[in-house]
Structures are given as structure tokens and as C-alpha cells.
């Protein structure tokens, strides 16, 4: 965990996603003593590189959840700032290629990008060099967009018969998971959220049911939600906005987004951010109309 913190401090962006941190926290042995390859947390494997003195120089997490069904491994890695440009990143990438049964040297005829995916958060120059060296090509892009909250915000106009209320812990989980699955059936990570995943996040320090806004009809049936998050530095996040497909087209997603922005501003957030798929042009246009601009890009490279 210390290596990940040092990497984030140096780069200004977290080297791994939230789900990796949650899996590490789920098993203290992994947090405090990561072996070269350890797979005792379901769906995870861990690779480390140490220097000659035994100091941790680099770390890679491999998500194996889709290996049996889709044959895909998804990895994220971090190299300690003191050990960069000394081969630690290359050793980790080669270990990942070996784990995926891929040759170190890419074949010119190999156009498949589905077997191994490796994230570069913030499109770090070192990651771009490694991708070029090992024949990894861009397979997916995730934009981080943001805006200040000290300017005028639109009104959250709701469709007739729709109200917004706060999430009720221990009550609303099944409905949220149902709508989330329908809203994100196309999304490889978000659409797979289970009730257990949701309850795990409820135990995080940042979780606040008052910032988990649910849009319901007159029968209290869930139509959509806006789950907000406040980071330790005070930055707000449009964490997830999900609308049931049967309800889409009436502006509910925009109204939920605005309601969440107002909530975050009321909580003292000076700025807000969100993540959106780079090819989701419809969502990007909505956010741009709400004065969001692109901050940076996460890239998933594949072979």
C-alpha cells in the first residue's frame, strides 16, 4: 500500500483502480506481506518486483474474474518513483505476458487485444513506452472530466410523479443492484456489481447514504440513482449515475446529475470530477452541457 501511495503522490493520479484497493483491504496478509505471486483473494493475483536489497520496487495486480468465461486478464501496475527507468516496469509486464501465455515479442500478424489488458491511469509516459516496446495497443479509453462548483448550477427538474430521496442502508441494495445491472449491462465492471460488492463499499469511510440519491416513482419503485463520493482532498465525484432503460429519454439522468452536483456543493466541495468511457459520446455531450471538461485519460492497452 505504501508503494501505491508513493506512486500516486509522484504522478498525481492513482496507479490502480478502487477495486484493487478494496481487494487488498479484504485480506490483511496481502496488504502487509505480498508474495511474488499470491492468489488467495478470489479473482486476484499479485506480482511484485524487489531490488537487490529486498525493497519493493514494483507491484502488479491481475484481475482474473473474466478468465474462465471470456479468457481475459486485466492488470494494473505501479513502479516506485525511486525505481523507475531501471527495468522494474519491464519485468512486471513480461511477468504479465507470461501469465497470459503470450510471447514477449509480439507477432506482426497478431491483432487480438482481448487476452491481456493493462491499464495506464493518467496515460503515464512510462506506460506508453512499455506499451510500444511490448506491442500493446490501445483497446479502451476512459476520460476523467471535471468542473468547478463555484459557478451557477441548473435546476434539477424532475419528471411528473418522480421524487428524489436518500439511500436506505439495508433496504435499497436489491433495487439499486437491479437497476444498475439494467443500466450498465454493456459495461464490463460497473454492470457486474453485486449486493455484496455494494455492501463492501458501504463500509468505506467515504460512504454517505445522504449522498446516494435515488429517484423513485409514487410507488417508491427505483427509476434511477446518482451515487456521489467525496475524496479526502475535498473533491466531489459523480461516482455512478444509473437510469433504468425503461425510464430513459425523459431527462432523468441529467436531473439526477444536477441534484448530485448541488448536494456536493452543499457539502463544501469546490470541484467535482467523473469518469466516462471515451466512446460514450451521448454521455460526454450531456456532461459538456453541464460545463464538464476533460482533465485526463486512462488507457487500457491490450494484446
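Cβ atoms are placed via backbone N, Cα and C, with glycine included.
As given in Swiss-Prot:
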type	residues	note
DOMAIN	1-150	domain 'N-acetyltransferase 1'
BINDING	77, 78, 79	acetyl-CoA 1 binding site
DOMAIN	162-303	domain 'N-acetyltransferase 2'
BINDING	241-243, 248-254, 280-285	acetyl-CoA 2 binding site
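Where Swiss-Prot records a feature, it is marked here on the structure.
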{"residue": "78", "record": "acetyl-CoA 1 binding site", "DSSP (3 states)": "strand"}
{"residue": "241", "record": "acetyl-CoA 2 binding site", "DSSP (3 states)": "strand"}
{"residue": "249", "record": "acetyl-CoA 2 binding site", "DSSP (3 states)": "coil"}
{"residue": "280", "record": "acetyl-CoA 2 binding site", "DSSP (3 states)": "coil"}
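In this structure, the CA atom of residue 284 (acetyl-CoA 2 binding site) is 32 Å away from the CA atom of residue 79 (acetyl-CoA 1 binding site). Least packed by the Cβ count within 10 Å, out of the binding-site residues 249, 253, is 249. For the acetyl-CoA 1 site, the Cβ centre of 77, 78, 79 serves as reference, and the other residues of the chain with Cβ at most 8 Å from it are 3, 7, 15, 58, 59, 60, 76, 80, 88, 89, 92. Here the C-alpha separation of residue 243 (acetyl-CoA 2 binding site) and residue 77 (acetyl-CoA 1 binding site) works out to 33 Å. Other C-beta atoms found within 10 angstroms of the C-beta of residue 251 (acetyl-CoA 2 binding site) number 15, with every protein chain shown included. For the domain 'N-acetyltransferase 2' (162-303), residue counts in helix, strand and coil come to 52 helix, 43 strand, 47 coil, using DSSP.
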